[in-house]
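Listed in TrEMBL:
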- 33-108: domain 'Mce/MlaD' (DOMAIN)
- 7-26: transmembrane segment (TRANSMEM)
Amino acid sequence: MNDETRVGIFVLIGMALFGTAIFLLGDYSFQTYYPVYVEFSDVAGLPDKSVVKLSGVAVGKIKKIYLKGDRVRVQLAVQDGVKIYKNSEFMVGSTSLIGSKYLQINQGDASAGVVEAGDVVKGSATLPIDRAIAKAVGDIQTLVQDIRGDGSLATSLRDILGNLKDTTEEINRIVLRSGPGTEKALGRLDDITAKLDEVLAKADLALTRINSGEGVAGALISDQKMKEDISVTLNNLKDASASVKDITGRVGGYRTYWNIETRYEPLAHSSKGGLGVRIYPRAGRYY
């Protein structure tokens, strides 16, 4: 192989590599696209040549971003065969808080019709991240000033704390006034219950002896009718004692719970408070 042939082959290889590089680095593709134009008031830093995604799937790219009057127009290149409906939402998306931007399309309904090549659609307003942060900082500063100053929020908080203080003090006074009486009542209920247990035990023993004829009472009471009357009387006494014991047990089993709740709604600049009392006569039932 002579020198001229070698030089020719080298030149051809170089030209092929150069052409491939231009094709890869340039805006060339074997895929066919159709144009769609989206108008925004602010593209919030959306870069040229970024990706176009439909419902999170890449379906095209941005060809050009330019001003059209007082609006920003973004020219999209959408892959042929991809249907975008007219009521779809066009907005600037981001991979993260400070990530790369892209154009996001949220698919609409088929009943609205399909966006055709060359159509101009309206994009959704997007608040840039710097403006969003500035607005959030401003809102926080306003909230802090309202709390520290004499605004409605500070007044509401002071009222809430004052009402809560008065409520707790009143509850403490009620508990202190009723404490000794409650303890005495519970102590009396315990004594009554103990005595009723003793009465019931003795009544059982007496009935057993009378029915069996044991003891003095059994021997003296030979009349069967008298024995039955005494048995009925003792049974009634036993039932009455059991009823009284049940009532005292229920009274002693009562439990009372207090609930104090305070809520503040910053958006409405208002507060709500509540005081609840729940009485449990027994487990699983309350008033």
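Cβ coordinates are placed from backbone N, Cα and C, and glycine is handled just like the others.
On the 0 to 100 pLDDT scale, the model's mean across the domain 'Mce/MlaD' (33-108) is 90. Residues in the domain 'Mce/MlaD' (33-108) partition by DSSP class (helix H, G, I; strand E, B; coil) as 0 helix, 46 strand, 30 coil.
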